[in-house]
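Student: What TrEMBL records for this protein is below:
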ACT_SITE  Cys126  active site, proton acceptor
ACT_SITE  Asp195  active site, proton donor
BINDING   Arg21, Gly22, Ala23, Gly24, Arg64, Asn205, Lys206, Lys231  substrate binding site
Amino acid sequence: MEREIDVIKETFEKIKNMEIRGAGRIGRAAANALKTYALKIQDLNDEEFKIRMKKAGELLVSARPTAVSLPNAVKFVLKGLEDENPKIGVVKRAEEFINSSLKAIENIGKFGANRIRDGDTILTHCNSEAAISVIKTAYDEGKEIKVFCTETRPRNQGYITAKTLYDYGIDTTLIVDSAVRYFIREIDIVVVGADAITANGCLVNKIGTSQIALVANESRVPFLTAAETYKFHPKTIVGELIEIEERDPSEVVVFEGKYKGIKIRNPAFDVTPSKYIDAIITEVGLIPPQGAWYIIEKYFGWLK
Ligand code: RUB
């Protein structure tokens, strides 16, 4: 028989093994799991219910350490426990998070597309719903665009992006990660997603992002990140550092026999300094990286 907690454990596993991946999707999956769990729990008084929900939230948050959308989603939903009816509170806030997340991606698409000109070639990295929304919206507006996607080793999320854009009818080119500098003179603008934005305007995103930003900066190509406000990291305002996930070396390569001793490192994300970022496209508008503190204070002050 299925236990109530299984829905939480299942979502935890899917996030951990990257069956569910990408910061926005992770956040919505966690919110949805908390909602389903809340609805399944029966016969508990409010206090017991709150303890169970908080434990479930902790488990979900431990699935992956870097994307702040995960703890932000969980905290947003669990604030519903303060309602007169905690179960209804949690369900309502989970739905609110999911709906506003989807709406945010749509708005980011509209705002970001204003920065794409007819004839532009866009470079993107990894697989970001928010960045794809910008690209698709520009295309929907009738702009003739081309997109270069990096493979994004080791998990090759760039293949998903390339297929998605190609299916949409967009002129799409796939390149290996190390070819970014070679092709940069063909690129007019870089648009990537975000796993977290820090209070001082730095971007945490898929490994390789900071190298792309460096190359774009050297070539005077604008570098934009598309980030919903729930990608801003409240705790960085009080000096906390973001943990960069290091994943299993076998994702990179498996050496056997006498080469087993070769060390392999596999960080999943890196940090792009704010000086390489031209703008952050949020659902409340385009902001300079220096505006990150303001977004955190305004939207997440209560989370600090
Ligand atoms: C995904 C990644 C994406 C961001 C933003 O990493 O780095 O650029 O999560 O995506 P992983 P979105 O594949 O390791 O989860 O805009 O969809 O939230």
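Each Cβ is built from the backbone N, Cα and C atoms, and glycine gets one as well.
Where the annotation comes from TrEMBL, it is an automatic prediction and has not been curated.
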Student: Record lists Arg21, Gly22, Ala23, Gly24, Arg64, Asn205, Lys206, Lys231 as binding substrate; longest Cα-Cα distance in Å?
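Tutor: Maximum Cα-Cα distance: 14 Å.
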Student: Would you identify the secondary structure of Asn205 (substrate binding site) according to DSSP, in three states?
Tutor: strand
Student: Suppose the substrate site is Arg21, Gly22, Ala23, Gly24, Arg64, Asn205, Lys206, Lys231. Which further residues of the same chain have a Cβ inside 8 angstroms of that site's Cβ centroid?
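Tutor: Going along the sequence, the neighbours appear as Arg25, Ile26, Thr66, Ala67, Ser69, Cys126, Ser128, Gly193, Ala194, Asp195.
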Student: Would you please pick out, from the binding-site residues Arg21, Arg64, Lys206, the one with the fewest other Cβ atoms within 10 Å of its Cβ?
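Tutor: Taking Arg21, Arg64, Lys206 as the binding-site residues, the minimal 10 Å Cβ count falls on Arg21.
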Student: Relative to the Cα of Asp195 (active site, proton donor), which of the recorded positions Arg21, Ala23, Arg64, Cys126 have a Cα no more than 10 Å away?
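Tutor: Final answer, ordered: Ala23.
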Student: What's the CA-CA gap between Ala23 (substrate binding site) and Cys126 (active site, proton acceptor) in angstrom, rounded?
Tutor: 12
Student: What is the separation, in Å, between the Cα atoms of the residue listed as 'active site, proton acceptor' and Gly22 (substrate binding site)?
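Tutor: Computed Cα spacing between the residue listed as 'active site, proton acceptor' and Gly22 (substrate binding site) is 9 Å.
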Student: Using CB under 6 Å from any atom of ligand 1, narrow the binding-site residues Gly24, Arg64, Lys231 to the ones that qualify.
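Tutor: Only Gly24 qualify.
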Student: What's the number of neighbouring CB atoms sitting within 10 A of the CB on Asn205 (substrate binding site)?
Tutor: 29
